[in-house]
Amino acid sequence: MGCCGSVERTKREWRPLEDRSCTDLPWFLLFTVFCVGMGSICSFTIVTGGAARLVFGYDSYGNTCGQRNERIEGVQLSGLDHTDRKFVFFLDPCNVDIVQRKIKSMALCVSLCPTEELKTYQDLKRFAMLNGSELCSYDMAGHKYPDLPERVSKCPKLPVPPSKPLPVFNRCTPVDISCYAKFAEAVVTFVGDNSVLHRLIAGVAASKEIIIGLCVLALGENLTTMITFYDTSVPLYDPHGDHSLHLGRPPGTSVLWWLYIDHRLYGNSTTNKVQEDVELSRDSGQALLVYAGAATVFTIILLLLMLFMRKRVALTIALFHVAGKVFIHLPLLTLQPFVTFLALLLFWIYWILVLLFLGTSGNPVQNEETGLTEFRLTGPLQYLTWYHAVGLVWITEFILACQQMTVAGAVVTYYFTRDKNRLPVTPILSSVLRLVRYHLGTVAKGAFIITLVKIPRLFLMYIHNQLKGKENACSRCLLKTCICCLWCLEKCLNYLNQNAYAATAINSTSFCTSARDAFVILVENALRVATINAVGDFVLFLGKILIVTTTAFAGVLLLNYQRDYAEWLLPLIIVCLFSFLVAHCFLSIFEIVVDVLFLCFAIDTKYNDGTPGKEFFMEKALMVRTSETHEAGTCGLVPSFRLFSLIQG
């Protein structure tokens with residue numbers, strides 16, 4: 001039935017319903033109004049000229065380049081016609097304020113950027129006469145540049161470097177950006193030896209093809225890991241085969257030690273070497289020694305952890321088996337990270353653009369220090385930036401919550417469908433349609449609750465950074481405690497929200513009702529929840545480490561094959577960070593699937609007992625595998641209850 005025609009049910013059936021109703025409609029309306037406000041901010045910046053000033057640029061008198069301008073009261077040389085002057089030219093482009101991250105020089109609108117170096121005022125005059133582009137202040141005639149006494153303050157600093165306009169933003173940018181070296185110095189002050197920095201950058205530039213290839217390898221590893229979890233769960237679940245996660249570690253560590261020994265032999269076998277090559281070879285050998293030592297320590301720790309957690313891993317692997325099977329039946333789940341990332345990327349780009357528009361919007365104000373005209377939001381308009389900042393957090397959380405609701409809807413459809421051959425053609429798209437039609441209000445409300453916790457935490461983190469080195473020990477400890485408590489609360493609310501979305505996907509109930517029902521189920525299964533979350537998170541963490549170490553190991557082999565690469569550190573760090581981020585995104589989807597499956601399983605075992613009319617929704621293949629692998633606690637119970645007792649542990 002339609003959104004407004006659905007009726008409230010009197011009995012909860014705990015299974016996906018065809019007859020659904022809209023949930024949390026007031027919150028959907030509130031979120032819609034908020035999004036309209038976000039769009040109104042963008043419209044405001046466009047109407048008031050902020051967007052045009054950002055794109056086309058404006059001079060130090062408030063005139064927008066490339067168009068006619070209205071006169072600004074109290075500002076000389078404003079209201080000029082700059083239709084033919086489309087480029088912004090800075091008289092001193094190297095006068096950069098590192099703290100404020102902006103150019104402090106006077107800006108003018110010119111018709112052409114100087115393409116060659118101008119060393120004297122005669123060169124400025126000749127450039128103005130030949131090209132019609134006057135590079136000095138508007139109140140100075142081009143043919144009088146060499147004779148006017150005010151040329152020192154109203155003309156560009158000599159020599160004028162050659163420049164070219166930016167493709168979109170029409171700013172004349174020096175071709176030689178060496179004058180911006182202060183920015184580079186501020187960024188690389190942590191590097192004491194410039195040669196080290198140069199070698200690191202050279203290593204990245206020389207191995208860019210390998211870096212791209214390893215990133216693609218990491219992406220393929222994540223896709224393969226998610227899809228093949230169904231097959232790999234069989235040896236993991238076998239009491240005699242659960243060492244498959246770490247069987248690859250000792251050979252990998254041995255190969256690293258072999259590479260180190262081979263490198264030492266290779267270095268010693270070459271007698272005629274330049275001193276620089278000897279130093280580079282020594283650095284590579286030390287790097288290999290560090291990698292091999294770290295891999296050895298990691299292997300020992302991993303083997304000990306797997307030895308002591310061997311039996312506990314077996315309690316969770318059954319759910320991992322079903323989760324892997326879900327990905328086989330619902331392959332579109334693997335596209336969820338891409339869709340979510342694309343949505344977040346588009347929104348973040350829009351948000352940054354509007355933020356930049358706001359930076360050039362508002363009323364013209366003369367800077368007391370420089371005397372230049374700037375545009376600032378004053379009065380009530382200054383709160384637009386805060387509104388825009390809240391929108392960043394709320395809408396970002398909304399997009400992430402939509403992903404959780406979509407995955408939960410598809411998984412509960414899979415679980416509560418006894419005949420898997422009768423699944424919808426596209427369960428993911430069906431879940432998306434249900435979300436858009438019925439449950440956007442629930443998602444908006446859950447995202448708003450996270451926003452209420454995240455914004456104070458971010459605000460306290462900002463205060464902590466601003467007061468770093470100024471506050472006393474007591475206030476520093478108090479700030480860190482509050483930040484930590486808010487972070488823990490946010491994580492707990494995220495977990496509860498995820499289960500609330502799953503309950504909404506099952507019963508089509510409001511957010512508060514779903515959160516209460518899910519909370520009751522989780523409390524009743526508190527020990528199993530703790531076990532599955534702890535062991536499951538550990539196994540997923542091992543999966544992330546496996547992907548990262550495999551990618552890093554392949555990188556070591558490739559970089560070792562190309563012995564000219566002296567520095568491996570930065571390329572390997574880039575590859576490892578990328579592989580970890582990708583692994584986190586993809587395995588987070590798998591974690592959501594496991595959590596939703598456990599909630600469905602807990603509901604199934606609570607309201608069904610296997611008798612006629614109350615049959616379990618659990619798959620027979622999972623029951624058979626569980627009964628074959630583990631001994632039943634009580635005779636006469638159906639195999640699914642054996643799994644229930646097993647996980648109850």
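Placed from the backbone N, Cα and C atoms, the Cβ positions cover glycine too.
Whatever TrEMBL says is automated annotation, not expert-curated.
Features as listed in TrEMBL:
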TRANSMEM  25-47  transmembrane segment
TRANSMEM  288-308  transmembrane segment
TRANSMEM  338-358  transmembrane segment
TRANSMEM  386-416  transmembrane segment
TRANSMEM  436-460  transmembrane segment
TRANSMEM  538-562  transmembrane segment
TRANSMEM  568-601  transmembrane segment
Chain residues outside the transmembrane segment (386-416) and at least six past its termini with a C-beta under 8 angstroms from it: 15-16, 31, 34-35, 37-38, 41, 326, 329-330, 333, 336, 339-340, 343-344, 347-348, 351, 354-355, 358, 423-424, 427-428, 430-432, 434-435, 439, 442-444, 446-448, 450-451, 454-455, 458, 497-498, 501-502, 504-506, 589, 592-593, 596-597, 600-601, 604, 617
Among the ranges 338-358, 436-460, 568-601, the one whose Cβ pairs under 8 Å to the transmembrane segment (538-562) are most numerous: 568-601
Other parts of the chain folded back onto the transmembrane segment (338-358), taken as Cβ under 8 Å at six or more residues beyond its ends: 38, 41-42, 45-46, 50-51, 54, 377, 384-385, 388, 391-392, 395-396, 399-400, 402-403, 585
